[in-house]
């Protein structure tokens, strides 16, 4: 099922939670809505679900305008962060709930419901636990029950609101891998909300990066990490450093001095680069600063560097350096970005 969000604005007491947002979600796609608190990602998910109504704009399920359809009419599956399982029901009854409460005309026969529950128990690796109650399950198992319940009704779209937020790091990582396999097996169009970058980049076919009620960028994990299209995306996704620079005659200058890299255009801008995208150098045209700390991180080292700022608070950067590099605390270190992006100042 394709989903199209067209020109959606949502206001709460005149506060614009979303401002003219448009997004095309392909059938069978796994999409992550990623952003900090207050970015509008959960509001967008709730609008797709029908739990909120747009102030302006339309939401299409396929060719049908679903903007004012109820949750039931949209036939979406929704999984919450805190499971929302019925504690007095067994695992099997929780999974079957959405099928059992359907009107009699559309309710499957009991034998078909049992078959569907058995099939889903196998898919979520909970066969043998169907008679247990939620309190007898681990957090990861409960979340899989919640997902099976959402999928049991054969939803047009599956929506997940921070599905792993209540779980510890190890369980989250295991469930991420499992959810990707589950999605590939079922093929449901799936949208999930997260503030966890690693989760979004690992799981999603495409990531929708949001900030202050707007979409900043939509792309694959490679797109948003390697070619961010705004200062916000560059600074929000992964680790990065930034410095104010001037572009003159194709050369990038920092504090009036060339740093050995070139960029088209002219004028003032902000230079962004990632810790892993630098090379140490002895040449004059480079960035340089004093090493304040140096620590081991897996197969590399992270050097923290202070760069003088004309008597003001120094610029603080982190860069990766080779394990065999002679880096001493208090020493001067010279380096250049090997990959970077300069954004013009507005």
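Backbone N, Cα and C define each Cβ position, glycine as well.
The C-beta environment of residue 35 (ATP binding site), restricted to residues of the same chain at least 6 apart in sequence and closer than 8 Å, consists of 41, 195, 209, 210, 211, 236. The annotation ATP binding site is assigned in Swiss-Prot to 35, 36, 37, 38, 39, 40, 41, 42.
Residues or ranges marked as domain 'ABC transporter' in Swiss-Prot: 3-237.
Of all the binding-site residues listed here (37, 39, 42), it is 37 whose C-beta has the fewest other C-beta atoms within 10 angstroms. Same-chain neighbours of the ATP site beyond 35, 36, 37, 38, 39, 40, 41, 42, judged by a C-beta within 8 angstroms of the site's C-beta center, are, in sequence order, 195, 210, 211. Same-chain residues at least 6 positions away in sequence with a Cβ under 8 Å from that of residue 36 (ATP binding site) are, in sequence order, 195, 211, 236. Looking at 38, 40, the binding-site residues in this record, the fewest other C-beta atoms within 10 angstroms of the C-beta turn up around 38.
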